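According to TrEMBL, the protein carries these features:
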- 7-99: domain 'Pyrroline-5-carboxylate reductase catalytic N-terminal' (DOMAIN)
- ILE11, GLY12, VAL13, GLY14, ASN15, LEU16: NADP(+) binding site (BINDING)
- ASN58: NADPH binding site (BINDING)
- 163-263: domain 'Pyrroline-5-carboxylate reductase dimerisation' (DOMAIN)
Amino acid sequence: MDIKTLKIAVIGVGNLGNALVSGLIESGVPATNIYATRRNGDKLEEIKKLRVHAGTDNRFAVKQADVILLCVKPFNYQVVLDEIYDDIDPLRQLVVSVITGVSIETLAAKMPSGMAIIRAMPNTAADVKESLTCICHNGVEDYQVELTLKIFDALGTTIIIKEELMNSATVLGACGIAYVMRFIRAMVQGGIEIGFDAETAGNIVQHTVKGAATLLLERKTHPESEIDKVTTPKGCTIAGLNEMEHNGFSSALIKGLKASMTQIDH
Ligand SMILES: NC(=O)c1ccc[n+]([C@@H]2O[C@H](COP(=O)([O-])OP(=O)(O)OC[C@H]3O[C@@H](n4cnc5c(N)ncnc54)[C@H](OP(=O)(O)O)[C@@H]3O)[C@@H](O)[C@H]2O)c1
């Protein structure tokens, strides 16, 4: 099935829902095939400019859809699922949940029996079609997996993982955007101290980060072998790197990831 003919309900167009809608439209899904909802109708003005169907009526959106994307916060999903229970049709629809920390089993218990459910963990780079999305399922039809892969491949890169790793995927891939942003900000602040204006420093850092990631993606090398290429004995790069490590650079990152994980798990 071509995703350009799919009708997609996006329930909860906040930060991530908005990014998914923008990415889908950029990928060629007609705006008129998208039904976006949130509770606060006053905040729908921006998304209405994209010409999607936007409103506060979840039941209407769900009735139109082939695929229902659940994009609400974990503390809001129960209300939504109670509301749309009678409108979900297990025979013709697929539910894809991006809700953090809510298992397929928990979601299934709130939906009509036999509902096909897939969990996805994208990140906000979906907005620019560069999301890394992890998806998992427990025995839906192959064509439903294919369909979900098509949706998220249109928004970047997709990999299939076991459900038990979904929380880890949240930390590494979704929270990861924030960690990298903070890294970039720190690099820019350092760049200003050594002489650049903020805009130039930002430009240099953003392209350097993109270049480093592209090197690894395309060459399939290990980060340390790329580091070896730029560290001259007694040179400035190794001096800077080691100073960062003495101050806990890698350790701070690993501890941060584990702290995020604790918050999801508790
Ligand atoms: N942000 C990320 O990078 C990211 C990445 C991966 C997964 N996630 C997961 O994706 C979900 C959404 O995250 P987010 O950052 O986009 O949160 P968000 O910005 O708070 O968006 C949640 C949206 O849900 C809407 N909503 C709440 N109750 C609703 C209801 N009963 N009916 C319709 N809409 C309702 C809210 O609308 P109102 O504000 O109008 O009430 C809001 O627009 C969360 O479960 C999060 O864990 C997020």
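Just so you know, glycine gets a Cβ as well, placed from its N, Cα and C.
Just so you know, TrEMBL annotations never went through curation; they're auto-generated.
On the structure: features taken from TrEMBL.
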{"residue": "ILE11", "record": "NADP(+) binding site", "contacts (Cβ under 8 Å, 6+ apart)": "GLY17, THR37, ASN58, ALA61, VAL62, ILE68, LEU69, LEU70, CYS71, VAL72, VAL80, ILE84"}
{"residue": "GLY12", "record": "NADP(+) binding site", "contacts (Cβ under 8 Å, 6+ apart)": "THR37, ARG38, LEU70, CYS71, VAL72, LYS73, ASN76, VAL80"}
{"residue": "VAL13", "record": "NADP(+) binding site", "contacts (Cβ under 8 Å, 6+ apart)": "VAL21, ALA36, THR37, ARG38, LEU44, ILE47, ALA54, CYS71"}
{"residue": "GLY14", "record": "NADP(+) binding site", "contacts (Cβ under 8 Å, 6+ apart)": "ARG38, CYS71, VAL72, LYS73"}
{"residue": "ASN15", "record": "NADP(+) binding site", "contacts (Cβ under 8 Å, 6+ apart)": "THR124"}
{"residue": "LEU16", "record": "NADP(+) binding site", "contacts (Cβ under 8 Å, 6+ apart)": "CYS71, VAL98, PRO122, THR124, ALA126"}
Over the span of the domain 'Pyrroline-5-carboxylate reductase catalytic N-terminal' (7-99), count residues by DSSP class, listing helix, strand and coil in order. 41 helix, 19 strand, 33 coil
Could you give the number of helix, strand and coil residues in the domain 'Pyrroline-5-carboxylate reductase dimerisation' (163-263) as assigned by DSSP? 87 helix, 0 strand, 14 coil
Restricted to the domain 'Pyrroline-5-carboxylate reductase dimerisation' (163-263), the mean pLDDT of the model is 97
Return the count of C-beta atoms lying within 10 angstroms of the C-beta of ASN58 (NADPH binding site), excluding that atom itself. 23
